[in-house]
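Novice: Let me give you the structure first, and then I'll get to my questions.
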Amino acid sequence: MDPEENPLVLVVNDDDASLKAVAALLETAAERLRFTIMTARSGEEALRQLLEHEFATILLDVNMPGLDGFETARLIHGRPRSAAIPIIFLTAHRSDELDRIKGYEAGAADYLFTPLVPQVLQAKVGVFVELCRQRRELEHKAALLADLNRELQVQRLEDLERANAALQTEVAERRGAEKLARELALRDTLTGFFNRRSLNDRLARAISVAGHQNDRLALLFLDLDRFKRVNDSLGHDKGDELLKQVAARLRCAVREADTLARFGGDEFVVLLENLHDRDDAAQVAIKICAALAQPFELGASTVKVSASVGVSLYPDDGASASVLMKNADLAMYEAKQMGRNGHEFYREELNRRLLERIRHEHELQQALENDEFELYYQPKVNVVEGTIAGMEALLRWHHPQLGFLSAEQFMGLAEEAGMLVPLGEWALRAACRQARQWQDAGWLEETVRIAVNVAEPQLYSALPDTLARLLDEHGLSPAHIELEITETLLMRDVDHAASVLAQIGATGVSIAVDDFGTGYSSLAILKALPIHILKIDQSFVRDLPHDRDTHAIVTAIVQMAHALGLNVIAEGVENEAQLGALRRLGCDEYQGYLYSKPIPASELAKKFSASGAKRMHGNGRWHVMAASCDRRLSVVGK
């Protein structure tokens, strides 16, 4: 083949959109590196293309109907003519590890995970394109040399030796390029650490050596806490810069002989060999957590993340690479459950708990589909008049086997299962439906609001769009909605929260700060945010009226809120003494067991009838406690 002809790169994917997307990512590199992109929409079509063309590399989707990626790869490498073509599998980031092994057995040169990083894709394809170009050049020169030998057999020996020397140089260069390609295939492009494939090989070898020498080794599996928030709020470029800085700190935290690998995304693995005891591994884990807990400077932004580290030991926790990896992953998950920014060692109990968690998560998903949830209501009362001004709706689960469950018994599981957003939407829809029914029955004034507690994941979802859709479904205007965000959650990422709340506030929806007094927010922050209500945390109400410090704090909160034009609600009022103190301090509304525990809608209707109330007051609010990712279980589970 003419060495000047552009090498061909084949992209194979049955999904037309994905096919075009990958081709688009390669277009810039194709112009710069002078290669041509061809496409095929099935394994069969790819094989037909191979009958007519020679490719520098093939980007092959794993999951395709008919011939899947693995079978296609086997057939390609089963033909002598195409056996040497490097194949890069494209697959989902969380695909099964067995699929990766299956791919490498089918002859994969590399794996790339979606979503694709353009620079990584272009760099790896570029290496194989250059190898193809050099191979063609070598073959071309070898052909020329053969022709020269036939035509000029009488040429002097020194000329032949010079040509042979040139050929050897070319071969050496090719070998160097191939070595570079192999190195790139073993390394993570962003951090320079070993990639997952290399880690598996090194771990298997380390286990073999440790087994023969009766040594111990440790596998540290670490995941960055709150990394997704950085990516979502600052963008992927800043996320990549953070990963590079994390990698630099990890290098400083371990020995030069230790193996560092990027497992994928924000997950890293450290392999420690020749350990004396588990304390050695613990000390490394502590050092890593301390290093990553320090702030990171990303341009004009300063961010804080931390690491949760799981540790498994050989031979105590497994005799194979896959088992050690799985158990380290389980231990990492346990570290997150224990509060993050720490480490946990694997123990057998974690396997049982994993199975239980999977079962409970399935039950939770089924509960949404089977409509097993119900809202209970706790009235909010006007402090001066003693009339019902609104109510807080609390989520309850009618579990088929366990019976009636309060939110504190399943909200943590909902967070782990990533179900806070759908649960929050369910609660909002149920509250809108109930409010609509009571309004149609003539119990609600036109200005009654529905307060909805916002969970952290909802701040990063399409919350404004969800609100608009549900209001439209139930015929409610934005004036009927009030969103609650805890002070702690607000302070976690003020800039992002302010941006989202500003979008919502622009629609006319009111905003309340819940559990006020626990998150150490400043007056300047509160003044700058579009908020209308402060809810005093029940921890302050509990010590009224006898504790002088608490009395002073609540007095300051009420006076500050009123100075800013905000309404004040006290939570957790349980006795007349507390209510009297709140009345003297000028608090606007209260809720708690003094008036009523949470009750179903049918019982609340009886309360209205018993008290002679026919309508909600115009300044009343319906309050919906949606799923809360900051584990406000003491409030949710009243």
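Using the three backbone atoms N, Cα and C, a Cβ is placed for every residue, glycine included.
Automatic prediction, not curation, is the source of TrEMBL annotations.
Here's the feature list from TrEMBL:
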type: DOMAIN; residues: 8-129; note: domain 'Response regulatory'
type: MOD_RES; residues: D61; note: 4-aspartylphosphate
type: COILED; residues: 135-177; note: coiled coil
type: DOMAIN; residues: 215-348; note: domain 'GGDEF'
type: DOMAIN; residues: 357-612; note: domain 'EAL'
Novice: In sequence order, which residues at least six apart in the same chain have a CB under 8 Å from the CB of D61 (4-aspartylphosphate)?
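Specialist: Within the chain, D61 (4-aspartylphosphate) has Cβ neighbours under 8 Å at V12, N13, D14, D15, S18, G69, F89, L90, T91.
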Novice: Restricting to the domain 'Response regulatory' (8-129), what is the model's mean pLDDT?
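Specialist: Computed over the domain 'Response regulatory' (8-129), the mean pLDDT is 88 on the 0 to 100 scale.
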Novice: For D61 (4-aspartylphosphate), which of the three DSSP-derived states applies: helix, strand, or coil?
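Specialist: Strand, per DSSP.
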